[in-house]
Every structure is written in structure tokens, then in C-alpha cells.
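Colleague: What follows is a single structure, and I will ask about it in a moment.
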Amino acid sequence: MSEPAGPPEEAVAVASAVAGTSTTLEVAAANPLRDPRDKRLPRVAGPCVMVLFGVTGDLAKRKLLPAIYDLGNRGLLPPGFSLVGFARRDWKDQDFAKLTHDAVKAHARTPFREEVWNQLREGIHFVPGEFSDDGAFDALAMALREIDELRGTGGNYAFYLSVPPKFFPVVVEQLRRTGLADAPDGSWRRVVIEKPFGHDLKSAHELNEITNSAFPESSIFRIDHYLGKETVQNIMALRFANNLYEPIWNRSFVDHVQITMAEDIGIGGRAGYYDGIGAARDVIQNHLLQLLALVAMEDPTSFDASALRREKEKVLKAVRLPADLSLNTSRGQYAAGWQGGQKVVGYLQEDGISTDSTTETYAAIKLEIANRRWAGVPFYLRTGKRLGRRVTEVAVVFQRAPHLPFSKDDTEILGQNALVVRVQPDEGITVRFGSKVPGTAMEVRDVSMDFAYGESFLESSPEAYERLLLDVMIGDPPLFPHQREVELSWQILDPIEEFWTTQGQPEPYPSGSWGPPASDAMMARDGRVWRRL
Ligand code: BG6
């Protein structure tokens with residue numbers, strides 16, 4: 001079960017040593033999608049097999065399979081790369097290949113190229129079976145051995161569990177029983193688990209014990225796909241590569257921080273997963289608290305996994321809940337309404353949802369951070385489905401100037417300075433500040449200064465899953481939360497969830513609106529408003 005710790009560069013060397021028609025580096029160099037000015041060594045995966053459990057799920061079709069193709073298209077997969085699907089379907093290799101092909105055609109970010117697809121297709125295999133079927137896992141082990149011999153994948157396997165958490169124990173146990181979790185010398189075995197990592201602190205702990213029974217911590221990659229987003233990583237660049245913002249990034253200058261993840265979609269076909277989970281467990285426990293950690297943490301001594309995680313853990317540990325949860329949290333449930341010109345049903349009328357469900361589809365909470373940098377600065381987090389539009393952003397709102405040498409009329413409509421990280425869509429950063437309105441009077445009003453990825457960079461940003469799948473194959477863990485972060489986040493959320501269970505039905509809000517009135521009231525009590533998006 002030992003994990004050979006190797007820097008990404010090792011993977012490059014190994015990749016180029018694989019027997020095959022061309023080395024990965026040659027493939028990468030010949031790839032038209034690579035920027036020829038980029039002189040750095042590409043981070044390329046070494047020889048390996050990705051085993052995907054849950055191949056017919058939405059995530060596999062919309063994100064994982066297209067991301068694998070996109071990596072291939074960018075020349076970042078080794079020539080012998082193989083993809084093995086495992087599912088309860090009476091399928092042959094070609095059936096899984098067809099599903100992959102269709103998913104790639106429909107959802108890949110980069111253009112479809114026949115030669116890239118053909119190379120990927122050669123490595124696609126399918127193993128049919130139930131998770132409880134020993135024979136099927138024995139067949140999987142045998143298939144992997146054959147792939148190693150045929151394609152030079154060296155016994156390096158990543159097992160991606162894109163399955164509901166109730167199946168984690170049985171799959172992990174099968175991987176342990178068959179010896180697939182144990183890496184022979186010189187090879188690696190890794191397991192990738194998708195959120196939700198449990199539904200509270202206790203279950204997260206149990207889930208971890210199960211995973212740890214087969215894989216060492218260093219081989220466990222917990223996916224929080226927000227950390228794979230360029231704009232999220234850019235929070236660290238913004239803060240720690242510049243001298244402009246960090247001096248004012250503290251309680252002396254910041255009034256409050258708003259972290260918003262608004263979605264216009266409803267729950268779609270995910271009733272089975274979503275009901276009973278709700279907005280806070282679905283995205284606040286992971287995505288939004290990770291954003292909070294990146295915004296509020298101290299600078300790490302480096303960006304290696306242990307240094308980065310240490311700083312995130314410190315700040316998560318310092319998070320404090322307000323004393324009165326009834327005044328400082330709010331939850332809602334979408335009712336029928338209009339979205340994008342279409343009439344849509346309410347949550348309680350969605351297929352698979354019982355008419356008395358108390359699951360929230362909107363959640364807003366106020367948190368504080370008990371440390372020298374942030375004492376007294378509220379962090380407001382909100383998320384919801386079926387809101388006005390899809391937008392995720394982090395807004396650092398600054399205090400008003402201590403003195404304004406203008407007449408009251410001149411600055412009547414001047415707001416507070418703000419720095420907004422636009423996570424998506426329209427990725428970029430906005431700085432809002434006051435400026436003189438042209439004319440003979442000294443009238444000052446808000447203007448914005450914008451940085452847009454699309455204007456400053458030629459390349460389009462990779463999808464989060466491209467980055468994260470590549471990191472798994474390379475064995476580079478900084479963008480994957482550690483179990484301690486997962487547990488600290490549940491510690492923050494558990495008391496709120498417990499409180500909400502005593503509160504009955506969440507407040508309804510019309511689809512297409514900006515959430516329940518209680519959420520605005522929560523801000524108004526603090527003399528603040530949610531940003532209009
Ligand atoms: C997932 C949640 O983690 O993130 C979904 O389970 C949500 O409910 C999704 O829709 C949103 O991801 P993104 O990348 O589109 O913001």
C-alpha cells in the first residue's frame with residue numbers, strides 16, 4: 001500500500017519511456033492546442049489506467065469522459081493510457097466506447113479530432129458486473145493485468161468512484177480483497193472520491209475509516225471540483241503574487257465578504273441525491289467553505305499539499321457561528337415561477353420529491369473568523385437553485401473612507417469599494433471604486449475596472465475536471481481537500497443543519513427570484529445588502 005511520492009517531473013520522464021509509437025512529449029509538442037511560447041515542461045501523466053465506476057451517471061457523461069478526451073487532445077495523456085469502465089450493464093468494450101464517444105462529442109471543450117479519438121479508443125475497455133460480485137472484480141483485476149502487458153501501463157491504476165456514497169464501502173472492500181488497492185513496488189494505486197464526503201461529521205469520519213482501510217491517506221484524492229477552476233486558483237495568485245491587495249486584506253479595511261454561488265437550474269433529474277441533502281450540504285460544506293478558506297487563509301509557505309492544507313485548516317478551525325442562528329441563517333425552497341422565459345415547477349412538484357419535503361434549495365449563513373486578521377468581519381455565504389441567473393463570485397467589500405471631503409450631495413450615490421472575483425461565468429476580476437462624473441460639479445459615483453480572462457489570455461481555461469484528473473494521474477494532491485478539512489467543514493455546518501431540522505418548512509421563493517425575503521432581512525439587520533448580480 002505504499003505510495004511512491006514523486007514530483008510531477010518524474011511522471012514526465014516515465015511517460016517518455018513508455019514503449020509506443022511516439023512519446024508523450026512528442027505528442028504534446030506536435031499538438032496545435034499547445035501554446036508554442038510555453039517553454040515550461042508540460043505536466044504530463046505517466047503510464048496508467050483510469051478505472052471509472054459509475055460510467056452511466058451524469059457526471060461521467062458531462063464532465064469526466066469529455067475531460068479525459070480533452071487531456072488527450074492537449075497531449076497530456078501517455079500513449080498507452082487506458083480507460084476501463086465498470087458497471088452493471090451487459091455491455092462489451094464497444095458499448096462503453098460508444099457512450100464515451102457520444103459524451104465527448106456532446107461535451108468536450110476542445111475540438112473533436114479523429115486521430116485523438118482513435119488513440120483514446122484503443123485503450124477503452126469495459127468490465128460488466130455488480131459491485132457485490134466477487135467474480136466481476138476478479139475479472140477487473142485480470143483485465144488490468146492484461147492491459148499492463150499490452151499497453152505498458154505499469155500497474156498504475158486510479159479508481160474513480162463516481163457512484164452514490166452508499167456504494168463506497170462495497171467498492172473499496174472489493175478493491176482491497178482483490179489486492180487492487182495494493183501497489184506493487186514501483187507502481188501506484190489511487191482512489192478518487194466525489195463529494196458528498198458523508199452528510200455530517202460522523203458519517204464523514206466513518207466514510208474515511210472505510211477508505212483508509214484499503215488506501216493510505218496519500219493515495220486518497222477527494223474531489224472538490226471548485227478547486228480545479230482556474231478562477232478559484234487565481235484567488236491565490238491575486239493575493240500572494242501581488243502587493244496591491246494583501247496590505248488591505250484584513251479587518252482594518254474590509255467591511256465584509258460575500259461569497260455567492262447562484263444557479264438558475266433546478267435539481268433536474270437528481271431528486272434521489274438532492275432530497276434530504278439540500279443546498280448547504282451540497283455546496284456550502286465543500287465549494288463555498290473552500291472559497292472562504294482561500295480568501296481568508298494566511299499565505300502558505302509553499303503551494304505543496306501540506307503547506308496549503310495547513311493554512312486552510314487553520315482558518316477553518318477559526319470559523320465561528322453566530323450566537324443566534326435564527327437571525328443569521330436563512331433557508332428557502334424554490335416555488336413555481338419563470339426561468340429564462342419558461343414556466344418552471346416548484347421543488348415540491350419536481351419528479352421524485354415528496355410534497356412535504358423540508359429540503360432547502362437556498363441557504364444563506366453568516367460566519368465570523370476568530371483571528372487577528374478577520375475578527376469582527378462577517379463572511380456571508382449564500383447559494384441557491386433557480387435563482388435569477390448563474391453566477392459564482394467572491395466579493396470583498398471595503399469600509400467606507402473614514403472622511404469624505406465632499407458635500408453630501410456629491411457622494412450621495414457612492415457605494416463601498418469592492419474587489420470581486422468573478423469565478424463564473426464571465427471569469428475575471430472587478431474592482432469597484434468611486435470616480436468623478438465628467439462635468440462642472442464634483443459629483444462622485446461608482447465605476448468598475450475589469451480584468452477578463454478572455455481578453456488577457458489567448459488560451460481558454462481548462463475545465464476543472466481536466467486539471468483534477470491530470471493531478472490524480474500525476475499524483476499531485478494540493479488541489480484535493482484533506483480529510484481534516486472535510487471534517488472541519490462539517491463541524492461548521494452540523495449545528496446549522498441541526499437547528500434547521502427544528503424549523504419546519506423552508507421559506508418559499510419564486511423561481512427566477514433572488515431567494516427568500518428572510519435572507520435579505522438577515523443582511524438588513526446588519527445594515528447591509530446582498531450584491532445585485
Ligand atoms: C455540484 C453540486 O457540486 O456543483 C451541484 O452537487 C451543482 O448541485 C454543481 O449544480 C455546480 O457546479 P458548477 O461548476 O456548474 O458551478
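Glycine too: its Cβ is placed from the backbone N, Cα and C atoms.
Positions annotated as domain 'Glucose-6-phosphate dehydrogenase NAD-binding' by TrEMBL: 51-234. Summarising the annotation, TrEMBL assigns NADP(+) binding site to Arg88, Glu130, Phe131, Lys195. If you look up TrEMBL, you'll see His225, Lys229, Glu263, Asp282, Lys385 marked as substrate binding site. Per TrEMBL, domain 'Glucose-6-phosphate dehydrogenase C-terminal' is recorded for 236-531. The feature active site, proton acceptor is assigned by TrEMBL to His287.
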Colleague: May I ask which of the binding-site residues Glu130, Lys229, Asp282 have a CB within less than 6 Å of any atom of ligand 1, listed in sequence order?
Modeller: Asp282
Colleague: Cα-Cα separation of His225 (substrate binding site) and the residue listed as 'active site, proton acceptor', in Å?
Modeller: 8
Colleague: Do you know offhand how many angstrom separate Phe131 (NADP(+) binding site) and His287 (active site, proton acceptor) by C-alpha?
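Modeller: Answer for this pair: 29 Å between alpha carbons.
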Colleague: Which residue, of the binding-site residues Glu130, Glu263, Asp282, has its CB surrounded by the fewest other CB atoms within 10 A?
Modeller: Glu130
Colleague: For the domain 'Glucose-6-phosphate dehydrogenase NAD-binding' (51-234), what's the mean pLDDT in this predicted model?
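Modeller: Mean per-residue confidence for the domain 'Glucose-6-phosphate dehydrogenase NAD-binding' (51-234): 96 out of 100.
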Colleague: State the three-class DSSP label for Lys195 (NADP(+) binding site), counting H, G and I as helix, E and B as strand, and everything else as coil.
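Modeller: In three-state terms, Lys195 (NADP(+) binding site) counts as coil.
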Colleague: Out of Arg88, Lys195, His287, Lys385, which of the recorded positions is least crowded by other Cβ atoms within 10 Å?
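Modeller: Checked Arg88, Lys195, His287, Lys385; of these recorded positions, fewest Cβ neighbours within 10 Å: Arg88.
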Colleague: Which ones are near His287 (active site, proton acceptor): of the binding-site residues Arg88, Glu130, Lys229, Glu263, Lys385, which have a Cα within 10 Å?
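Modeller: Cα filter at 10 Å returns nothing.
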Colleague: With the cut-off set at 10 Å between Cβ atoms, which of these binding-site residues ends up with the most neighbours? Options: His225, Lys229.
Modeller: Lys229
Colleague: Across all chains shown, how many C-beta atoms besides its own are within 10 angstroms of the C-beta of Phe131 (NADP(+) binding site)?
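Modeller: Around Phe131 (NADP(+) binding site), other Cβ atoms within 10 Å: 18.
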Colleague: Per the record, substrate is bound by His225, Lys229, Glu263, Asp282, Lys385: how many Å separate the farthest pair of Cα atoms?
Modeller: 20
Colleague: Please tell me which one of the binding-site residues listed here (Arg88, Glu130, Lys195) sits closest to Asp282 (substrate binding site), measuring Cα to Cα?
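Modeller: Result for Asp282 (substrate binding site): the nearest of the binding-site residues is Lys195.
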Colleague: Using C-alpha atoms only, work out the spacing between Lys195 (NADP(+) binding site) and Lys229 (substrate binding site) and round it to an integer in Å.
Modeller: 16
